[in-house]
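Heads up, the thing below is written out as structure tokens.
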Amino acid sequence: MSGKRRAYPSMQYPATEPVATGGSFGYGQQPGAQAYGQQFTPGAGIAGQQLPGATQPNLNGQGAPYGAPGGDQLAQGMSSLNIQPNQQPQPVHQFPSQQQGYINPGAGLGVPPTQAAGPYGVPAAVAPQQQSAQLGYAGPPYGNTYDQQQPQQAAFPFNQLYTADLLKELPPPISDLELPPPPIVLPQGASLTGKPESNASPEYFRCTLNVIPNNNSLLKKSKLPLAVVVNPYQCLRDEDEPVPVVEDTLISRCRRCRSYINPLITFVDRNTKWRCNLCNLTNDVPSGFDFDKDTQQRVDRMARVELNYSVVEFVAPKEYMVRLPQPLVYLFVLDVSTHAIQNGYLATVARTILDSLDQIPNKDGRARVGFIGVDSSLHFFTIPQDSEDENDAQETSMLVVSDLDDVIVPAAENLLAPLQQSRQNIENLLNNFHSYFENNVNPNFALGPALKAGHRLINNIGGKMIVFTSTLPNKGIGALSIRDEEAHSGKAKESSALLSPNDSFYKSFAVECNKSQVTVDMFLASSSYQDVATLSNLPRYTAGQTHFYPAWTAAREEDITKLSKEISNHLSMNINLEAVLRVRGSAGLRMNAFYGNFFNRSSDLCSFPTFPRDQSYLIEISIDEHITKPLAAFQAAVLHTTSFGERRIRVMTLEVPIGKELNQIYASADQLAITNYFTHKAVEKALSSSLIDAREYLNRSLLDIFQVFKKELVAGNLGSSSPLQLCNNLKMLPLLLHSLTKYIAFRPGKVPSDHRAYALNLLASSPIQRLIKFIYPTIYSLHDMADECGLPEELEETYVNEAGEEVTEPIDGDIVLPEPINDTSTLLAPYGLYLIDSGTDLFLYVGGESVPQLLLDVFGVDNPGYIKYGKSELPELNNEFNERLRNVINRVREGKDRITYQNLQIVIGQSKQRTGVPDRIQEDLTPLRLWCFSHLVEDRVGGGTAYREYLNQIREKLSS
């Protein structure tokens, strides 16, 4: 980010004196100096000597290829790119969000030695923004046909392999984390239209390898995983994610593999048939494809949505319905025990549900809601429909069931009330819900019996059971006890003793719920043990989610804000009912294992009672036979019922080339998707074996990749003097996997089991971009951010007015964010201000040596001792910098793809230069600093080595 920076002066320090006892950090220092990534002592503060260029630490320019420096450094950095002297590096092409880096060059296109290379080694002449002018599609009206001579596999270029020396690129160029995956290079005629939208974008559907090995031996030799990541929905609400819809209910599917027609098929036999791109079978083209039944006119076939877009949604005919569309049902199961009353949880939840009633999807007016209060008894509520005549109006009544051994659901009407027809009575109940139990002193919570009763109530319809609890279940079936954390935390048997389910009831019950089309979501909020490891089985097997709020109390406004926003977002999310996901692959490719929150109904069918919008799924693939075709295809289909009662199928199609050389496979490997794969496998090992095994698996997998690359793809063997080389498109993989071992889910040492279990759940269900944030937090330097940061991006909009004139007007875009810096204390100045985004929380780190003017602008005080630290919010002050800072925080918090809201933790650094922060506050800040600094994953945190040390260890192992 270029631009002017606010001139907050730095404190002046003697050149020979280290700051805040941390020593000066840096690269190329004298032997006695503290080096990059060395252990940081939280109580000692942050290193103080600012490095040259520390505000922009070795970040790639937006237009640089993998591993390349910014534009003004290109002349110095050519050697690091491994580009021939007569080649010039090209800008990184910013692929639109709707495309997969799909390149469809002309058949037989060579790569002349003097031709410029694109960002991944693909010739710039066929880069996406130029391809429409380069391709020159010709041939039959509906694309290439198999009746014609097909280009040989070698006739189109693969991504070229460029290597990087990781030890020479420190700090690692974290801007690479924002790059798209290596482009998928397909031959001319691979799609019907040649448009980028013909192949699924990586946001929806991506493969760990954008060139797939042609046999299993080559895959095993590569040590790279083969899997696809499916993320069918990008936003919580339909209006934020317009996906093309096929509305005429005309669906053409392959007779053999049952895949759906898509832009990557081929028309043959004078366009009367289409050849499946998965199994190669020829199918008849439906007669209605060329005819509009509404206008009774012949139409252009190529105008059909499913032939132009790889991500589409079909409105399904009645043949796709097992039963009539059911209404959307929300059954709220609320903890009414004394603890939930005393900490304000029950009152907060009831008020939030009341305020969110208008946001519940109810387009067709059929949504229903019900409520069950739970202590040692079950409290049901009959909610009559509203009446305009007060004389005929019925009141809401509460029915109590005390027998927990054989729970009988009352045979009363209106236990599930229609939201639209009973709106007033529902509001009255929620307004008075707390008063029903305000004098309750019952400390017990019978969750198991409540779940069974709720299941009986809605199992004929399906829907959601949303559980709000602040108490460990301790009555009836499924009662849990507190585990011995002290004896097992941080030890070899931690997984089996603390992270495994403590009662088999919850998993078996979850499977029954899945069969009945019932999803269970958990909102757990307490200052005491909740047994997240056991209770999270309910959402895991019913396609729900676990939400965890440790140390929650209504006495803190920030806690109320977070819980309320997340409940509201959850209730406003468009959900799909009675859904199944199936992923198909070309001949020779088998879907081998499935990861995510769902239940495997059969070997290749994943069942979702309700399909969430904020999760993703990973499918591991095996190669069962030698692949002779030049291309492989995958197709994911989600059959579901919308919240407004329409049966639909969302279809995503992805095609990738087949390679027979190891360099082709490595040059097209997707480091983020591979990280996702290894994360799922590590979670699996942590739960089935041990945390030690999970960490060893990650380290061993990475070492295997380095060994293969050195042995097979690096020219020559220089022994101990050889650099640590890896291809450019994988050079962030070591950083990500090493950082993953320091994440709270895997780090060694004592971690509360609820926190660790919750972190494992997040890793196992989060989309890639959020997952990467958990593993490698984003840090923004705020005290020196450019003047445009914190303000809306200045854009222009062009339109034609009523007079037919073209008009261009300025409009505001998104808030501009500063460029991220590396996760290391070497780049944190003691006078600086930094925002750390961990994915779950935000940390505003205030350097202990911050100048008074900065403190005044941000907090309205000139002494750090007066700053409200911990969970807090910035005060709204009447100055530009404060407003920009709040804009940055709000922008980071935004997310149309997630329900979570991040609390802000204000952390004050330590200083030896003045005594602005009293000793009592310094003691309070120590654990907060430890928590904040645990996200500096390039340093020695979380019981692990610094990143530089880690790379040197790998280098030594490779040389031994």
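Positions of Cβ are set from backbone N, Cα and C atoms, glycine also.
Range annotated as region 'Zinc finger-like' by Swiss-Prot, chosen from 254-279, 644-669, 748-773: 254-279. Counting residues of the region 'Zinc finger-like' (254-279) by DSSP class, helix then strand then coil, yields 0 helix, 7 strand, 19 coil. For the binding-site residues Cys254, Cys257, Cys276, Cys279, the greatest number of Cβ atoms within 10 Å around a candidate Cβ is found at Cys276. Close to the recorded Zn(2+) site, the chain also has Arg255, Arg256, Arg258, Ser259, Asn277, Leu278, Asn280, Leu281, Asn283, Arg584: residues not among Cys254, Cys257, Cys276, Cys279 whose Cβ is within 8 Å of the site's Cβ mean position. When pLDDT is averaged over the region 'Zinc finger-like' (254-279), the result is 96.
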